[in-house]
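For 488, 715, the entry in TrEMBL reads active site, proton acceptor. Per TrEMBL, N6-(pyridoxal phosphate)lysine is recorded for 488. Taken from TrEMBL, the feature substrate binding site applies to 586, 764. The annotation domain 'Alanine racemase C-terminal' is assigned in TrEMBL to 694-818.
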Ligand SMILES: *Cc1c(COP(=O)(O)O)cnc(C)c1O
């Protein structure tokens, strides 16, 4: 690894820890996640407190080969040969170590903060400056209290410039980040409403952000944004830009869109200068102006700056998981390549269990700042530590260093064109393929050749948001309360193994499906978590037991069927779940049946009761709270009786999503998280933020037509326009799950930023939108719902609930998964 190393004894001193050093070690890597460990022998694991206690992961990290730990408590660890450094706060210790490391180096550092655009500005400055300087920067958007120390830790002798972004969400966070970054040059990006909820006022938020620059020599910012805060700026010098005020250093006075570019003219040092930005959307333009200002402030000439900005390329931080040809899964990360993002992508690859075989297609890596032999040796080592069964290297550098690689099946090609010619001979089938390339290799061509062509209506699922939502609910639970994730009905329409892999990797305790077949699919996709089946059919008990699925027993009939089956198959102690009906009146044993049930369980050696549960009928509704309390009481009575009979403890659970939010006293041993996981919870008030919708449904315009005032539109001549206008026919209909009830203006979609109504009846595969007066082109993207245009609104339009909208979206609509 490129890092300067430290002895564990030196680290003990730097972070002022207690504890004995039993064996001397050299440390070059820091870990906070026991699942993401490379080079364990030189690693130091920080057991961070968080939503899950980092100490739970110490044993796992030890098993992975780590021998050095920073922990917040206790001598209870008895792991031979390992060093335990004891500190009051492991996160603070990691930050102190990072700050110490930072201070050893004399490199120039640019520090970036703001509400939006931090990562883009950081990546673009990297693109603009890496021709001249050896640069170290945060991987992806690692800008948090944990991400910044891990980023800063990468600084080595070789680096001439550091570009680090810092993100905060509430007060008193920036000082700790500032101590690690210590930027000489500060950059403030766009300030907007993001994270407002963490602060008393926008002013308080701004002042907190400005703390990053408290000892900077130069601050670069939008002049208008800090007009009222001039006295708060502590940097010695500033460089400002503005689109309104002439007194700014860089005054942008003219902006024109020229085909796909944005042409800017500005006044700078008394002269007129220009800049062509290869993007036209407002956010990109603002971020590019910020970069323009930074380049000028750093002394680059206007001409050179313009030349470089013109060549900026889009920054994509997300991985895309989609279906591929020949039953493959394709992870598309074809837009950038460096060691850190390769590691992140490989971790995502290793989360995937749906195919036995895992494949990496990798291009040469540019601008790593490392000599080639060092770089490719490290790449080969990294690939070697992951489960990669097939390796395809593309580029002359990889070809030249192929002797470093030792993968069971490996191929090298000199360029992308050669790979594409030979693609067939590589016989991709039943494998998960990670495609990771530097932009110039145009790996999007490889991705296009290997991914299944998507119908133009797609549902995008954001896996980061899924994880965020899981943690949102975990934070509401007392330690030790388990989480059962409800993945019935194709995970509420969001996918099967894709969602389950994520949940398994992030250690939920249980999954639940509605039918045996759903459970079988998860097992076939490599999911090993315990799986509960809510509605087990007697005809499929063989499949149930072969796949280690755990049935819910909700009636005497079902109990009888299953016990008879178990006797016939010589099965004993099979895990089952008992469902009690406390008022929902759907499935379950009623109160008066509990006694008989207990009699039947008392001597039953065929079953082992894993859990006892019930379901709340109206956990979200305050007007029914008295009823909910009754349900909870009945549940307590039932499980006490059952536990007393069984003589062992069982897992008890009653809360669904809104139960988790509204009934903390009823969490018991486990909660069943359903719709909240997918970002929807009517009982979370609008002021409580943190939940993120995970799905967006998008389609496109197939045709645009002029329509006269007298013309009619769609079947039964059901639509018309009030005056002459235009309609757009879009590629979604009721067969995709866009219900007929949305027709005749009831449903609304978003085209080019404008909300437009449907006209006429929805047809099977298509529907029409009134786009009169809008500049709409064939092929334009159309949004049916996303994180801003909420599914809750859609549900309201046709008098239903989000559950129904989500689960109705047909399988014909391809799901594409994103992970950052
Ligand atoms: C679907 C289901 C849940 C989850 O409900 P949400 O409201 O989506 O959280 C919980 N328990 C049972 C028995 C269910 O069928």
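Using the three backbone atoms N, Cα and C, a Cβ is placed for every residue, glycine included.
Note that TrEMBL annotation is computational and uncurated.
Locations of recorded TrEMBL features on the structure.
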residue	record	Cβ contacts under 8 Å, 6 or more apart
488	active site, proton acceptor	512, 513, 514, 515, 518, 534
586	substrate binding site	615
715	active site, proton acceptor	760, 761, 763
764	substrate binding site	733, 734, 735
DSSP state at residue 715 (active site, proton acceptor), helix/strand/coil: helix
Three-class DSSP secondary structure - residue 586 (substrate binding site): coil
Taken over the domain 'Alanine racemase C-terminal' (694-818), the model's mean pLDDT: 95
Secondary structure tally of the domain 'Alanine racemase C-terminal' (694-818) (DSSP, helix then strand then coil): 23 helix, 45 strand, 57 coil
